[in-house]
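J.: As annotated in Swiss-Prot:
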type	residues	note
TRANSMEM	22-42	transmembrane segment
TRANSMEM	64-84	transmembrane segment
TRANSMEM	115-135	transmembrane segment
TRANSMEM	150-170	transmembrane segment
TRANSMEM	182-202	transmembrane segment
TRANSMEM	220-240	transmembrane segment
TRANSMEM	261-281	transmembrane segment
TRANSMEM	293-313	transmembrane segment
TRANSMEM	351-371	transmembrane segment
TRANSMEM	383-403	transmembrane segment
TRANSMEM	408-428	transmembrane segment
TRANSMEM	433-453	transmembrane segment
Amino acid sequence: MVQASSHAEGGHEGKQGAARSLGLLVAAVGVVYGDIGTSPLYTLKEVFTGGYGVPVNHDGVLGILSLILWSLLWVVSFKYVMFILRADNQGEGGTMALTALARRATAAYPRLRTLMVICGLIGASLFYGDSMITPAVSVLSAVEGMGLAFDGIDHWVVPISLVVLVALFLVQKHGTETIGKLFGPIMVTWFVVLGALGVHGISQSPEVLKAFNPGWAVNFFVVHPGMGVAILGAVVLALTGAEALYADMGHFGRKPIARAWFILVLPALVLNYFGQGALLLQNPEAARNPFYLLAPSWALLPLVGLATMATVIASQAVISGAFSLTRQAIQLGYIPRMQIQHTSSDEQGQIYIGAVNWTLMVGVVLLVIGFESSGALAAAYGVAVTGTMLMTTILVSAVMLLLWKWPPVLAVPLLMGFLFVDGLFFAANVPKIVQGGAFPVLAGGVLFLLMSTWKRGKQILVERIDEGALPLPLFISSIRIQPPHRVEGTAVFLTARSDAVPHALLHNMLHNQVLHSQVVLLTVVSEDQPRVPEHERFEVEAYGDGFFRVLLHFGFMDEPDVPAALKLCHLDDLDFTPMRTTYFLSRETVIASRLEGMSRWRGNLFAFLLKNANGNLRFFNLPLNRVIELGTQVEI
């Protein structure tokens, strides 16, 4: 009986584990694969009607299908799923997490480290551009299907798309926890429908399966040498969203994402692309919208509805990704602090950042109004996608060679293969800059300027403050000679440098001429890792005479809650009772000057960013009634 019971318990646990794995797989499909899953809506349409001159004939169709298939296998299956997903930063992925990893890998090489940071900022900047383009092109392409069902409705495509998109951004503040539970089942349904449509199309023209032979892709380049590289600018549309596999790894882990790709997503995508190809072999005129024309006429309206839901889910994924990327960038010091709201009491990762939300919404609305169709927007899409992919490969190269210590004889050929393919795709999209691709380049350029100015400005600000800093040991020696009046309680002074006297402490002494019985110089350290365990959160050093130095360590995914962290400082001599603790902050006002380090116009830009950034009070969750803020002017 005992043996039977243990078998029953083991079986129950096994069922629970299987159910959890299935749940994670379905959830990953809903969040991770929305973008790449909606690519069949517009990829082949853009290839054959986007002005590339690709003939809709036997060789042209098979050549393009072979290019799409082997691009999916090389870039997504091999590069991302089997390789890039292993380059996690303690389970976290994405551009900022990878930049932090590359920064650590190149710590001994300052110039190379700077280059890695620049690549990371470029990748992040292009991701924000992608976060505007994805909702616009996806929803437009879905709604355009209505034009096939109803005559004369084409002029309603833009207004309907705008209503859907604006509504999506308006609900962000309230969170998507409830409706988010439907994302997985809806996207699973979407991929099943993709596969079913593809099987139906292939059954009408099975010869399309010849495209599995990579020789057709090679043949396309041979027959169309002038068109070969250029057409990659449209083929890459089949790969949009590949970066999401890596960016969302922290939510689901590598295995559920990989399993979902190989079990459901990849087969469904390949079947659908081949089904569309089979349709084009039978009816070349279907190139105007092969996705929707692949469906029976009775299924057109339900398919438009399902496609619209799928594109909204894809849009939600990149919006959430932009929020997550912003939080990481703030913690790592690349973006000014902004107000971050949590939209779920259970999920720490579900956040809302108003400034990012409204900026994205304005960008998306302008894109829809300006471009009016998914085909026109497709030109802008490839630049952002391929640029981000290229930056990811460069960052991974540094991690692979310098942190993982892979033998160059193994690593270099592999990395050269990745860089060669990424470089080809990027080169194919460069000419598109004048055809609409300028948008992500300009948006990325502006964001890169803002992030680099903020990072450099903060460095110069700390240097200027440090120039006249009074060493802490000297200060403590002086108060031993002339002791000031001491009052009960603990004074916490936030400072970037823990071995010097903060300006706020000097100002307090100058104006109030008192010191608290306990004086804590607190430095918050942002680490190049996602989370810091509680037992590694703090370092405490006692200087005597009631002076203490405390270092608090936070990862870029941690909530920097200073009062909560200080409660962990178990030291007999140190008292952080809330009503006996006062926090002293220094508020710097920057004045741009002609001093070395930064041009005057960038100095003014940094001053503007600093003025509008969220202060330490909110960012560190300090109690409003226990904070004193003292101002100081700094020239940079």
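Backbone N, Cα and C atoms are what each Cβ position is placed from, and that goes for glycine too.
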J.: For the transmembrane segment (115-135), could you work out the same-chain residues 6 or more beyond its ends whose Cβ comes under 8 Å from its Cβ atoms?
T.: 35, 95-96, 98-99, 102-103, 105-106, 165, 168, 240-241, 243, 247, 311, 314-315, 318-319, 321-322, 325, 329, 334, 360, 363-364, 367, 377, 380-381, 383-385, 387-388, 391-392, 394-395, 398, 439-441, 443-445, 447-448, 451-452, 455
J.: To the transmembrane segment (64-84), which of 22-42, 293-313, 408-428 is linked by the most Cβ pairs under 8 Å?
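T.: Ranked by Cβ pairs under 8 Å, first place goes to 408-428.
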J.: Counting only pairs at least 6 apart in sequence, do the transmembrane segment (22-42) and the transmembrane segment (383-403) share 3+ Cβ pairs under 8 Å?
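T.: Output no: the transmembrane segment (22-42) is apart from the transmembrane segment (383-403).
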J.: Using Cβ distances below 8 Å and needing 3 or more such pairs, separated by at least 6 in sequence, tell me whether the transmembrane segment (220-240) contacts the transmembrane segment (408-428).
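T.: Between the transmembrane segment (408-428) and the transmembrane segment (220-240), which are separate recorded stretches, there is contact, as judged by 3 or more close Cβ pairs.
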J.: Among the recorded stretches 182-202, 261-281, 293-313, 433-453, which has the greatest number of Cβ pairs closer than 8 Å to the transmembrane segment (383-403)?
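T.: Top-ranked stretch among 182-202, 261-281, 293-313, 433-453: 433-453.
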J.: For the transmembrane segment (433-453), give me same-chain residues lying six or more residues beyond its boundaries with a C-beta closer than 8 angstroms to one of its C-beta atoms, as numbers and ranges.
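T.: Hits for the transmembrane segment (433-453): 118, 121-122, 124-126, 128-130, 132-133, 329, 334-335, 363, 367, 371, 376-377, 379-380, 382-384, 387, 598, 602, 605-606, 609.
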J.: Report, as numbers and ranges, which residues of the same chain sit near the transmembrane segment (182-202): CB under 8 Å and 6 or more residues beyond its ends.
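T.: Those are 26-31, 33-34, 37, 40, 208-209, 264-265, 267-279, 294-295, 303, 306-307, 309-310, 313, 316, in sequence order.
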J.: Would the transmembrane segment (408-428) count as touching the transmembrane segment (293-313), i.e. at least 3 C-beta pairs under 8 angstroms with sequence separation of 6+?
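T.: By the criterion, they do not touch.
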